[in-house]
């Protein structure tokens, strides 16, 4: 495996899920595997779970991890090829990624979208510039349009909580938020759920349609209550408009998931990638109930990252 | 030991002091003890000594330490249960502490007081929310009202420099400052000194009385020169008003400790937790003299933390 | 070796270059040498290469490295002896350096100049205060007037790419920039090049003369095209005026090095310490060509630091 930035195939997905679960039960199984290998974790944006789980995953493999908050401890990177750098950017991605590529064995990068430059975001410009110039394997810690380590952790979680003897119904439901939120988690969750063969329904207010390249094969249902019927897994997530790029069209509080919404889905487990805005996206009553898998998902971030790093360094 | 957030008993205090001194003379004595254990150090506020000494203490025990500057590398945490999170806070302490608790074996947390919400501060709200939701041992790296690792380092220092054949006189003297400073260090020093059986006198201008729940058993003396007579250890510290909560009533420069103040205490050693504002809280002549124990205290921060972590992981 | 802050002698320089090259071919040659040793890396300013390469160098020697962004994770340090600290500074360098000196075996410090207080900068005030009060070996990660680890990496690079059978001609050429840039890299490059016996020519617009104490022995040539003739190594760097301290006199774009400038130096290799402002200091065509050694220099930062740390801890 050279990069880990998106869903590749059901076979590879299953292999990573199984390896992640193996590590969950024996975190230091491969403590010798990464000896002498070094990962650089480059953050252009804030992080809690991703930052810590990636470091722990590396430590569990015996790797040395170095974290660089490029936005705070470094400086602004120029991303445009051919730019005349007489403004605010201090170093070109070409040079910075080249150097980091020569310092490390693996580079892990977090680079959020602008939510204003749609074409640039859609090309996953920043992480692809890192890949282009680093010359070593790159792991996405969430890019402009995907968050594959989150989705792998989500797939591990759904396998752990799978229902017996039938194909589970998975629902991705939009939730209200006060800020314009990227599409990465929703995109990746759709990409991985569909890729792994789940029956996926997506529900949201009109105008919040996701990029079809991620959702092809899913059922779109604007009626949230209908979408939630008999759901096994309900993934709650806000995202801003994709068509009217980066804009907030609705904050309709009736879309916030509560126990009442789940009356027609008595067995539904509820998922969220965290951080979650309580009582805005999701009610306390759900998050604090047995339905909630959010802490399981978070814990599985370690083993998702560990499975990916393990494959990359072998 | 499940938590380390305050003074518990003279027996435990003595055990920690003795263990700290053992580590001082042989820092890597228990280098195997923490193998495979992991501590998360969560800072909601700046730190130098605490940050570095805790990492070193962990390393000396063979533990893996990961530092997270939650305020800078992460985001604002919501602390209020039941909050509707439609404002500035991004993640609820319930969720963040739960995740961190599932990632680490021990959590160490720094959370300063607001100095505006007295009841909230007095309940030591933030660190108690971490304890409530993390589900693993929590070590205070200074909370709203206590700084127990500092006090343990101070007790180690006083034992190292103890006077022979009599109970030493300990004086906690208020010092001027230009900013509103928390009560944590003063509270904890009183709590630990009294708990460990020292003869403690507290002196400060009227209006600077500390919370009595920490100072019961101490002698209060408003006349600084009288308080300092025959002192063996003089602990210098500023704090803001407790009654008129978080306010500055006096910056009277005559309260700044100088050699002249110690004429009636010829053997007095002078202590301060650092950082110290020179020539505002304490004069250069004292800090640069043999009287000063401030560097010894700082060095002992490593061994205080090491003793505490050692007890917690056993 | 007690400190590493400047060029000391040709013998020591050669020893460090040779050791650096040895580590380049076998990075973990001395992985046992630093076991149980601890380095504190104190940043008062941003950093990418220096930050990461120093940590890697320490890891390659088996040392434990702790990074402290004093400017962001800590607080403002008072540098003036005898100051009455009733303003913005929170801790005196005396106390902070003393504590750090008691926590670590080696201290590495980055402290940029003010570019406004010329005499203070020229005395290399901040790093010398660290040296004065830390009481342990101090390694400069770039001070007000020198960047010796960069220069050592540059010397390693020039030895790797040395021309056969003759003394190479080295040219340090000023480049345009939009910000006032310190003299440290230029000073150190001159100091080390001359100290290691290279034939050095310095070229820049009038008014950009460097401090003569670093450039004595070099040829000064205001005509850039004449200076570049038959150059073997061209080191490109901006600096602000030294005489009219910290000011920008020229941003003349004709000084930006392009392939055209090198027509009379067909074999010239081009160097820069990075970060480089592309198409302002140096053209893309050069940076992306075989002439460029900037990535080699950056990689060699690891081995320069490793050689220095190796000498310091022995």
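Just so it is clear, glycine is given a Cβ too, placed from its N, Cα and C backbone atoms.
Note that the structure is a prediction, hence the values are computed from the model and not measured.
Applying an 8 A CB threshold to same-chain residues 6+ apart, the list for residue A:301 (carbamoyl phosphate binding site) reads A:49, A:50, A:53, A:149, A:150, A:153. Here TrEMBL flags A:47, A:48, A:49, A:50, A:75, A:110, A:147, A:148, A:149, A:150, A:273, A:274, A:301 as carbamoyl phosphate binding site.
Cβ contacts within 10 Å of residue A:277 (N(2)-succinyl-L-ornithine binding site), excluding its own Cβ and spanning all protein chains shown: 26. The N(2)-succinyl-L-ornithine binding site annotation in TrEMBL covers A:142, A:177, A:237, A:277.
In the predicted model, residues of the domain 'Aspartate/ornithine carbamoyltransferase carbamoyl-P binding' (A:13-160) average a pLDDT of 96. The domain 'Aspartate/ornithine carbamoyltransferase carbamoyl-P binding' annotation in TrEMBL covers A:13-160.
Here TrEMBL flags A:185-310 as domain 'Aspartate/ornithine carbamoyltransferase Asp/Orn-binding'. Across the domain 'Aspartate/ornithine carbamoyltransferase Asp/Orn-binding' (A:185-310), the DSSP tally of helix, strand and coil residues reads 47 helix, 19 strand, 60 coil.
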Once DSSP output is merged into helix, strand and coil, residue A:49 (carbamoyl phosphate binding site) belongs to helix
A 10 Å Cα radius around residue A:237 (N(2)-succinyl-L-ornithine binding site) captures, of the binding-site residues A:47, A:75, A:147, A:273, exactly A:273
DSSP output for residue A:149 (carbamoyl phosphate binding site) maps to helix
Other C-beta atoms within 10 angstroms of the C-beta of residue A:177 (N(2)-succinyl-L-ornithine binding site) total 22
Counting across all protein chains, other CB atoms within 10 angstroms of the CB of residue A:47 (carbamoyl phosphate binding site) number 21
Summed over the domain 'Aspartate/ornithine carbamoyltransferase carbamoyl-P binding' (A:13-160), the DSSP helix, strand and coil counts are 68 helix, 24 strand, 56 coil
Among the binding-site residues A:47, A:75, A:273, the ones with a Cβ under 8 Å from any Cβ of chain B are A:47
A correct count of other C-beta atoms within 10 Å of the C-beta of residue A:237 (N(2)-succinyl-L-ornithine binding site) gives 22
For residue A:147 (carbamoyl phosphate binding site), the nonlocal same-chain Cβ neighbours (under 8 Å, six or more residues apart) come out as A:140, A:184, A:185, A:187, A:188, A:273
One should report the C-alpha separation between residue A:177 (N(2)-succinyl-L-ornithine binding site) and residue A:75 (carbamoyl phosphate binding site), rounded to whole angstrom, as 30
